[in-house]
């Protein structure tokens, strides 16, 4: 086991230059194509529902029930992909899981392109939902394991930004093409993701846990700016020491028996270091999804019609998504100065007020106190999308990669 004093002494001299920042950014950008795909998977349903819902001029149309199932199935299957990803990551590693996550997405887009019934639409969204869940688990943990503490928050927010870019790209394509052509173009995103992820290194922490220290050193040299092994030795010794202390060195957790290992992994949820941040993250993500009206995104075109936005819906979708992308960039730039707590509480408070006001506005219109104004409705939606993306919908992804122990 490395000597603790030796680690501390060498750690005091650790300093990486701009090349390390570039290397970690490149690795994060490569795997962020999974998040771009996630944004595209989440938003294609809005375009399909827009074109097929009770549309007598389309090849086939869908009812309100079929549209509801089509827009919801992705969120239902998403946790299954996350759960399976968590199980397989330990065996196959983050990099392989990120590559594998793109395969169902490719089949999903091809199936959607060739769909001629609501059954095939639902089958395609099941594949996409599984892909996004499987990929989200591996990408979030990968960023947390490859990045330095000084970059971890910003790099963690790139995933959320990439998801918004994917959504924006989808709605821009929806401006010019029908849903089937958009599905065809979207197939290239997971293919590109596989090509990029192939060239980035595996997580050094996972390699050390599997006893592959030589490969772990090579990966760390790549991630710290393509430096010599001597440069990363202090950090490498620290990771080896941490793995040995936590009992994950060599891929073992106190036993060689697979069944006992599985039970030992489950027993980790009794550890306060695990269940407390897990409970925190569940609450934060739940609140984030509610105040950002995230689950309603597949039905946003129908919502627009309900609040009087009948004209220029495609342009409005691009505007809303563009504002969320700008908001994510603002959050990434300002989070180090404002802090996560202040930014979260501020955007949460503003979005709550906006949602309550928007609800009161809709109730007042339905009670015929006054008629819908497209400008007021669009202003409320723009505010909810933009303010949410400036904090409450982005910061949970930053926190997620920082709060859990390695094992």
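Backbone N, Cα and C define each Cβ position, glycine as well.
Those TrEMBL annotations? Automatic predictions, nothing curated.
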Can you say which of 21-49, 224-252 is given as transmembrane segment in TrEMBL?
21-49
Non-local residues, at least 6 beyond the ends, that sit with Cβ under 8 Å of the transmembrane segment (278-296):
75, 269, 303, 344, 348, 351-352, 355, 384-385, 388-389, 392-393, 396, 399-400, 403-404
PLDDT averaged over every residue in the domain 'Major facilitator superfamily (MFS) profile' (25-407):
85
